[in-house]
Amino acid sequence: MSKGPILVTCGLPYTNGPCHLGHLRTYVPGDMYVRYLRHRGEEVVFVCGSDNHGTPIVVSAEEQGVTPKELSLKYHHHFEETFIKMGIRFDRFGMTDGKANHHRTREMMQRLIDKGYIYSATVSQSYCTTCSRFLPDRYVEGICPHCGAVARGDECDQGCGKHLEPGEIRDPVCKVCGTRAELRSQEHFFFKLSAFKEFLGTFLKGVRGTDNAKNYALGWVNDDLHDWCITRTLDWGVKFPGRDDLVVYVWVDAPVGYIAFTEEWAAAHGRDWREFWCGDGEITHFIGGDITYHHCIFWPALLKGAGYGVPSAIVASGMLKIDDHKFSKSRGYVVWTNDDYLDLGLPADYLRYYLLAYTSHTKELNFSWQAFADRVNNELVNTFGNFVHRTLHFAHAQGIGIPDLDADQEILQRIDETIAAVDTAMDAFEFKNAVDAVMTLAAFGNNYIQTAAPWKLIKTDRPAAVQVIRNCLQLVRALALLIDPTMPETASKIWMMLGETDQVRDHRTSEATEPLTAGELAPPTTLFARMEEKEVATLEKTLMMRVEEAEKRGQPTEELISIDEFGKMKLIVGTVISAEKIPKSSKLLKLIVDLGSERRQIVSGIAKFYDPEHLVGSSVVVIANLQPVTIFGVESRGMILAAGDNAALLTPNQAVEPGTPIR
């Protein structure tokens, strides 16, 4: 048991578009974890809310002819309703544009100002002469100064993943009108992130959670830590103290929402929010893998500087693929939670189960309708549902009901072992392992009833057959309690079929081995329906039609370059001499490449697709005249060219000498 109350949060959904499967990889595991803790007897408060500020909201609102407030309210209600349908039960679901968050954000800024952690500085920022305005964040696109990839104004989302400060991006272009932006000076405010380097190093080594969150962040902290610009030139947002022309950067006020939403919950329940943020409470953040930088570096430093408690655990999910393709709304590789699933009448529990059972939480999840249907049919219908229905149907049909007997010790021991396995998995945030342990118990039950064959035994030894069913009913009770965090609607159905009149969620998992109340049983209902091939084909067709429509629309027209500009790139063939992984990075390899006249060290983001030893001797195409950049503390003097989601290396179709130019 924890010393104090536990606060669990989920990364805030952004209110500029509807819910999709990528969102659910954060919220379903978070909800499962909270339900599990409550079954263990812990006091848990589960908060989240919608993220309403930042340039994407403003840009989307302008495109749709509505105000940012109207757009935010529309999608706030959308997410709130979708989460309820998915069985995700937040104790408080607030808005970052609410009064509580405006107040708490400004209060935190003032604390940091008073402690000397915020200072002003004049910076060069992209300015569009056509639109006559400064271009914060996603109003601008350009080239990442660190790795040379196409990047947004505040983040290199296509390359190294680094946060970008205002004015850092190279060759900036206005996203609204396409005009090449110019740099102009403007006063902004900075948070002294560099002062927290030692604290962050210690914090990241001690915080619980998933390694993908901690290790990436440690790499950034050990590399370099720059002070952080925390204001933007926008009207929409939380006003910076004393400045009506500046708002607080969205990646400051969004996580502050965790505190504000806790305050709102506490006010409604007669509690003090400081129990969680200033006392002995535990704070666990569930986030998407793409926002680890903000939650593992910026946020703990802000909390420490302002005198609040810091997170106890940070749990980051892996990425998502759709049918072996990188998740992409613009290319049609997306599954919408409502349009493609809930609105078709498909049960929320099926999708919850699939998301939790498919793979480890930190690994990439490759969704396909066929794989989804296979798991529903083979695991839920054939294994779990089959055992529960066989047991309850036989107990009812033979007039056995719930007999006034004790379950055999072997059965109780097997349940205890399963509970221990679930506890171990959940403590390590290995949600798949926890689900697997429960499904193993269901498979054990299936094998037990099949081997014991009570339908035969009852003809010759009714007491023995009754004991078998009593044992099976104990397993069914255990399965209801253990599967509730994963499939709450299914667990409630089982609980009711066992004749219980209260809610399964109000019971502890340790009660799984307690005796059942003897009595009659009503006829059971079917838990799961098989997914037929025709249904799967229809779902697959919908996805493929979306992809085809996206291909017809094509991608936005890109700015053309002249042949002279293209000619500035020095493309040559090189041979990989050595390759090794870069510590604390799952994506990057350090390559030594023979370019004929010299050997170059190049960092390449292909570690997920190639073993280092297999690259040695390979011919590759290199951009050889890029400015050197440092990535994860390693200097890179060039770029290896690769194509597609699987990073297929570009190579000549016949042998050529290192240093041969591409023409």
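Cβ coordinates are placed from backbone N, Cα and C, and glycine is handled just like the others.
DSSP labels the residues of the motif ''HIGH' region' (13-23) in these numbers: 3 helix, 2 strand, 6 coil. Look at Swiss-Prot and you will find 13-23 tagged as motif ''HIGH' region'.
Per Swiss-Prot, Zn(2+) binding site is recorded for Cys144, Cys147, Cys156, Cys160, and the stated evidence type is sequence analysis. Neighbours of Cys160 (Zn(2+) binding site), defined as other CB atoms within 10 A of its CB across all chains, total 22.
The average pLDDT computed for the motif ''KMSKS' region' (326-330) is 88. Annotated motif ''KMSKS' region' per Swiss-Prot: 326-330, in sequence order.
Every protein chain shown contributes to the tally, and the Cβ of Lys329 (ATP binding site) ends up with 14 other Cβ atoms within 10 Å. Among the features that Swiss-Prot reports, ATP binding site is placed at Lys329, with the record citing sequence analysis.
Residues or ranges marked as domain 'tRNA-binding' in Swiss-Prot: 565-663.
Under 8 Å, Cβ to Cβ, and six or more positions away along its own chain, Cys156 (Zn(2+) binding site) finds Cys144, His146, Cys147, Ala149, Lys162, Leu164. Counting residues 6+ beyond its ends, the motif ''HIGH' region' (13-23) has Cβ neighbours under 8 Å at 48, 50-52, 54, 56-57, 60, 71-76, 78-79, 82, 288, 320, 322, 327, 329, 334-339, 355, 367 in the same chain. Distance noted between the C-alpha atoms of Cys160 (Zn(2+) binding site) and Lys329 (ATP binding site) is 21 Å. Taking the centre of the Cβ atoms of Cys144, Cys147, Cys156, Cys160 as the Zn(2+) site, the nearby residues of that chain (Cβ within 8 Å, site residues left out) are Pro145, His146, Gly148, Ala149, Ala151, Gln158, Gly159, Gly161, Lys162, Val629, Ile631.
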